[in-house]
Amino acid sequence: MKRTTYAGLVNEQYTGQTVTLKGWVQKRRDLGQLIFIDLRDREGIVQLVFSSEFSADALKIADQLRNEYVLEITGIVKQRKEKDVNPKMKTGQIEVEVQQAKILNSAKTPPFDIEDGVSASDELKMKYRYLDLRRPEMLKGLKIRNRITQAVHSYLDEQGFLDIETPDLTKSTPEGARDYLVPSRVYPGHFYALPQSPQLFKQLLMGAGIDRYYQLARCFRDEDLRGDRQPEFTQIDLETSFLTAEEIQDITEGLIARVMKDTLDIDVKLPFDRISWKESMDRFGTDQPDVRFGMELKDISSIVADSEFKVFSGAVANGGVVKAIAVPDGANNLSRKDIDKLGKYVERFGAKGLAWLKITDDGFSGPVAKFFNAETEKQIMEQTGAQVGDLLLFAADRAKVVGDTLGYLRVELAKRFDMIDEDQFAFLWVVDWPLFDYDEGDQRWVAAHHPFTMPNEEDVHYLDEGEDPHQAHAQSYDIILNGLELGGGSIRINTRELQEKMLKALGFSLESANDQFGYLLTALDYGFPPHGGLAIGLDRFARLLVKRDNIRDVIAFPKNSKASEPMTEAPTMVSEEQLAELSLDIDVRKPED
């Protein structure tokens with residue numbers, strides 16, 4: 001029989017109506033001549049009542065049912081008695097008296113309970129992912145994701161964007177992470193790469209006169225995984241011609257506002273706040289600031305430059321900085337042992353220690369209090385905004401070490417003391433980025449975003465011969481949500497001359513630039529318009545909207561932290577015949593100790 005509606009959508013408006021429902025048995029309660037079944041589908045759960053009073057045949061069927069059996073029923077919707085109403089259920093006002101029932105399929109006992117809050121391991125749930133996805137909290141993630149994509153399509157279509165697919169088999173180019181490579185059977189020894197982003201193709205579309213492009217782009221990066229990363233992911237990718245950075249940001253804000261309204265019925269305030277990269281680093285110690293709470297970093301370098309406390313004065317003398325955060329009521333809530341643990345933890349950022357002071361009615365208290373006179377105390381209090389009962393935490397070192405240290409402590413302590421409004425969605429633009437970033441691991445300068453980013457107009461000369469390109473700032477912008485990068489973009493370079501200068505500044509020879517990006521450089525000779533764009537991480541956006549810790553929870557079939565997939569056991573070895581077709585020999589090397 002044809003299904004009337006979803007089980008989870010049956011409500012009081014259906015009272016007295018005959019409905020046909022199909023779904024899974026969530027729970028069975030047998031009272032002899034009365035059996036209650038909770039029937040579950042993707043929209044929720046409804047209670048079924050089986051009784052010989054309604055149908056003896058249906059009662060016999062109910063006696064056979066077990067959890068996760070697939071069931072079809074037809075019955076009459078009835079109001080529950082007042083004492084039986086379940087306010088915790090969306091359908092708790094009604095129940096369905098079953099007149100006909102049919103088992104569509106039986107089921108083995110699942111390896112874990114199909115319910116929220118189940119204690120099964122992540123690995124087990126991923127092995128039986130199709131069962132895990134039956135749980136309401138997992139379905140919620142996929143539904144939110146779907147609403148986001150529907151809002152994206154609707155809004156960008158209204159704004160005149162064309163949905164255009166770009167290739168998934170393309171050329172390997174250095175964009176930061178390792179490429180996933182695909183061997184070519186037709187061209188032995190040659191490889192395609194799965195795209196890390198559609199960056200160059202969407203720029204070429206602007207050169208083709210498309211004007212406004214978007215797609216929900218699948219991207220692939222062979223990198224170490226963490227909570228907000230997967231080897232394959234989806235981004236909301238867009239590119240426009242003839243627009244300024246501010247105009248692109250306005251379109252993006254409209255897109256985000258539509259998504260928030262259509263998914264969570266939240267009206268976000270427009271326009272979003274904007275701060276420069278430098279201001280973000282100065283105030284928050286990070287380029288991804290969480291602005292839902294205060295406790296900002298305060299620079300006291302000038303106050304302590306001549307201090308008798310040599311850790312502070314020495315740091316300033318060596319070109320470093322001294323900054324502090326004031327932890328509200330921290331003097332009462334953090335013990336010496338707690339502070340020592342924090343000091344030990346921040347050593348990973350290069351910090352050599354953590355100085356601290358408690359603010360009492362009598363002034364500063366703590367190991368370094370003796371180094372500060374009354375006037376210095378007053379200046380530090382004024383600069384940090386500290387009050388009696390607060391705890392001051394200090395870091396003195398190079399600017400990056402200080403920012404990393406106090407930036408981490410700021411967020412960690414805000415979480416510990418419940419200073420963050422978890423119901424707030426705080427969007428922020430971080431703009432005016434450096435064009436280059438120094439990679440301390442590789443000991444070289446790299447593009448802060450990517451090699452195709454346009455410098456600020458007044459900084460273009462820094463790419464000329466004899467100038468210092470690392471002084472340049474970029475026409476780039478990141479959109480931050482609750483302390484995480486939601487997406488980012490820039491105005492792109494649109495002339496060959498400037499693009500070649502940029503690549504040269506990154507260490508590309510003319511030959512290597514043409515080898516890697518020759519098709520783009522050639523295209524730039526043919527009248528490219530001013531253009532720019534942005535990409536937003538769809539998986540991360542969905543994760544933040546459903547308030548989950550890992551993007552796996554909003555991806556139907558994700559990889560685990562080892563980049564494998566327990567259900568299909570991918571990746572796997574392939575046959576010698578397949579390798580021979582690809583002209584490949586495999587030499588599996590043991591990992592280095």
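Cβ atoms are placed via backbone N, Cα and C, with glycine included.
Marked as L-aspartate binding site by Swiss-Prot: E175, R221, H449, R492. As annotated by Swiss-Prot, ATP binding site applies to R221, D222, E223, Q230, E485, G537, L538, D539, R540. Among the features that Swiss-Prot reports, region 'Aspartate' is placed at 199-202, with the record citing sequence analysis.
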### Task
Using a 10 Å cut-off, grab the number of neighbouring Cβ atoms around the Cβ of H449 (L-aspartate binding site), all chains included.
21
### Query
Average pLDDT across the region 'Aspartate' (199-202)?
97
### For the region 'Aspartate' (199-202), residues assigned helix / strand / coil by DSSP
4 helix, 0 strand, 0 coil
### Task
Rounded to the nearest Å, what's the C-alpha distance separating R540 (ATP binding site) and R221 (L-aspartate binding site)? Just drop the number here, would you?
15
## Note on the structure
Among R221, H449, R492, i.e. the binding-site residues, the one with its Cα nearest that of E485 (ATP binding site) is H449
### Rounded distance in angstrom between the Cα atoms of R221 (L-aspartate binding site) and L538 (ATP binding site)
15
### Task
Could you find out if DSSP has L538 (ATP binding site) as helix, strand or coil?
helix
### Query
Where does R492 (L-aspartate binding site) sit by DSSP, helix, strand or coil?
strand
#### Entry: Between L538 (ATP binding site) and H449 (L-aspartate binding site), the C-alpha gap once rounded to whole angstrom
19
### Task
List the same-chain residues at least 6 positions away in sequence whose Cβ sits under 8 Å from the Cβ of E223 (ATP binding site), in sequence order, or say none.
A177, R178, R229, P231
